[in-house]
Structure formats: C-alpha cells, structure tokens
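The following features are taken from TrEMBL:
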type	residues	note
SIGNAL	1-18	signal peptide
DOMAIN	29-331	domain 'Plant heme peroxidase family profile'
DISULFID	Cys39-Cys119	disulfide bond
SITE	Arg66	site 'Transition state stabilizer'
DISULFID	Cys72-Cys77	disulfide bond
DISULFID	Cys125-Cys327	disulfide bond
BINDING	His197	heme b binding site
BINDING	Thr198, Asp249, Asp257	Ca(2+) 2 binding site
DISULFID	Cys204-Cys236	disulfide bond
Amino acid sequence: MSSLGLVMFILSCAIFQAFPVSSSNNYGGLFPELYQISCPQANEIVMSVLEEAISKDPRMAASLLRLHFHDCFVQGCDASILLDKNSAFKSEKEAGPNKNSLRGYEVIDEIKAKLEQVCPHTVSCADILALAARDFVVLSGGPYWEVPLGRRDSKTANFNKANINIPAPNSTIQNLINLFNKQGLNEQDLVALSGGHTIGMARCVSFKQRLYNQKGDNLPDVTLEKTYYNGLKSICPTSGGDNNISPLDVASPVRFDNTYFKLLLWGKGLLNSDEVLLTGNVKKTKELVKSYAENEAIFFSHFAKSMVKMGNINPLTELKGEIRKNCRRIN
C-alpha cells in the first residue's frame, strides 16, 4: 500500500468510528466491498486525483458533491448527468439547473481514464461520482461514510426531468419537501443534505431576487442580515453580473463544517432555499437547523446517513445499464 493509501486507510478508520454507517443496512443490491478484489486500487486512484484537483481549485470539492446530487435527482444515481448529447437524447448538462453551472466533468474523466488503465470495464461512472462526493467531503474536513457500490451507468439521459426534479435556488420550503419526498427523502434528509452548502459558491443569478425583488414589490428579503445584504449587493448589482459568485458559507467556504447552519440563524443564508429551512414555518426543519448549528457531530452523522440514502436512489444494478468506458458517452 502506498503512503497515500495508508494515510487514507487510517483516516477512514478514525472518522468511521466517529460517524459510522452500519454495513448491515439494506443497500438494495449495492455493496461497499464490491471492488476489494476486482479493483483494490479504486479508492486510492480516486483519492489521488481528487487531492490534486482540490489543491489546484478548492471549489472543486463542492462541484463534485453537487454533480452527484444533480445526477441522483433526475432518474436515479446512474451517471446520466455525465452524458453528452447525441442523436437519441438531449444532455442533462444543458438543462436549466445545470447549464453554465455544473463543473468537474474533467475530474471524473481523469479518474475514469486511470481506472480503465488498471481495472478495465470494472468501475462504473455512477460509482465514481458517489466515491468522489464522499472523498471530497473528507478532504474538506467532513465525515467519512461507507459508499455502497455496484451502480451501473445509464444508456440515456433525461433533459426534461433535469429541469423538473432538481430544486431551484428560489424554492419554497414546501417545494423542497415535495421534491425530496419524490425521491424517498424526508425532512431530515433535506436539512442534512442542504448542509452540503457549507462549501462552494453560487452565482448572482441564483440569489439576485432576494436582494432586489423578493416578493414582486421591488424590496429585498427582510430575513437578510443588513451588513451581509449590503455586501451581497456589491457582488450582485441590479443589472448584469449574473455570473458573479459568492460563497454559500461566507465564513468558511472551503471547509466542511456546521457554520452554514449558524449563518442561517444569523440571517446570512445565501439562497432562498437555504433560508426557508429556518423561516419556512416548518417546525421539523427549523429544529434541525438549530440542532445542527449547536452540534456539528449530529450534523455529520445525519449528513453521512443521508448521503448513503441519496446514493441509493433507483440505482441500475446487475444486468441493467452498463459500465461505460468513457463517462461522456454510451458504449
């Protein structure tokens, strides 16, 4: 085992003891140990590429986490988000929530190419997305969890579902709950997974409405803390600047921690879909925001469990789907 592999093994064991996800859970045909014999180098290859990527661009951690989320919410965790358009279907990359927004495809390409050299036709693109999301969270200071493996890759994409199923940044609390329930996820999953916004950035177009016209009356969102609001206006003017970016967690934008929830309590949540977890008049989500702000260990534990649950949304297993040689196109 290389020095990198040894370090990751020790780190994984330590964190797993603190935030265990039991291997006795029902993973619906997926198995954390799947590649131990067929591709024992898989975890180390994934981690080595991710370490290099995050050293060059710390934002990449959030980008890969988001890529996994946007994949799973369309037609299950099947790597359909990675497919380029062809004569048979439109790419999900071109859908409203993804176009000019999702990043990190080239990192997945690099991981896949290296895995194909060592273990050809073994590790699916869908599993790479799930592993990359977990490993980037760990590299950013967050919890470790066992990733159930064995997803196969879809042979098609669904542009229309990508436009419908992925929550918008201006979502109401009920809209968020409905979209998560549609995927078999509950209110705890919603709040815990929203905590992924402790890392990453958002474009001005995603929060401009809150600054200038929250309720169609040309007034800002009154829940925004004043100093924070004034700072956002300097980044996001009334006209233009739609692609300017601001941290989702202004206090620790590249560290995975519970600061996101503390910021919500202080009126410093960036997106409407963040703020309504607290102010949307749903008792359960409000209580969870306060609980996670007070206790990072509870947030980490719930986040890990919800990531496993999300990663198990309608996976293609056994003879369904395929293992792509190139994640951007079907075989």
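Indices start at 1 and increase along the chain as displayed.
Placement of Cβ uses the backbone N, Cα and C atoms for every residue, glycine included.
Unlike curated entries, TrEMBL annotations are predicted automatically.
When the disulfide-bonded residues Cys72, Cys119 are compared by the number of other CB atoms within 10 angstroms of each CB, Cys119 has the fewest. The shortest Cα-Cα distance from Thr198 (Ca(2+) 2 binding site) to any of the recorded positions (Arg66, Cys77, Cys204, Cys236, Cys327) is found for Arg66.
It is 24 Å from the Cα atom of the residue listed as 'heme b binding site' to that of Cys125 (disulfide bond). For Cys125 (disulfide bond) paired with Cys77 (disulfide bond), the C-alpha to C-alpha distance reads 10 Å.
With all protein chains in the displayed structure included, the most crowded Cβ environment within 10 Å among the recorded positions Arg66, His197 is that of His197.
Other residues of the chain with a Cβ within 8 Å of the Cβ centroid of Thr198, Asp249, Asp257, the Ca(2+) 2 site, are Gly195, His197, Ile199, Ala251, Ser252, Pro253, Arg255, Phe256, Asn258, Thr259, Tyr260. Ranked by Cα separation from Cys72 (disulfide bond), the recorded positions Cys119, Asp257, Cys327 are led by Cys327. Counting only residues at least six positions away in the same chain, the Cβ atoms of His197, Thr198, Ile199, Gly200, Thr259, Tyr260, Leu263 sit under 8 Å from the Cβ of Asp249 (Ca(2+) 2 binding site). Rounded to the nearest whole angstrom, the C-alpha distance between Cys39 (disulfide bond) and Cys327 (disulfide bond) is 18.
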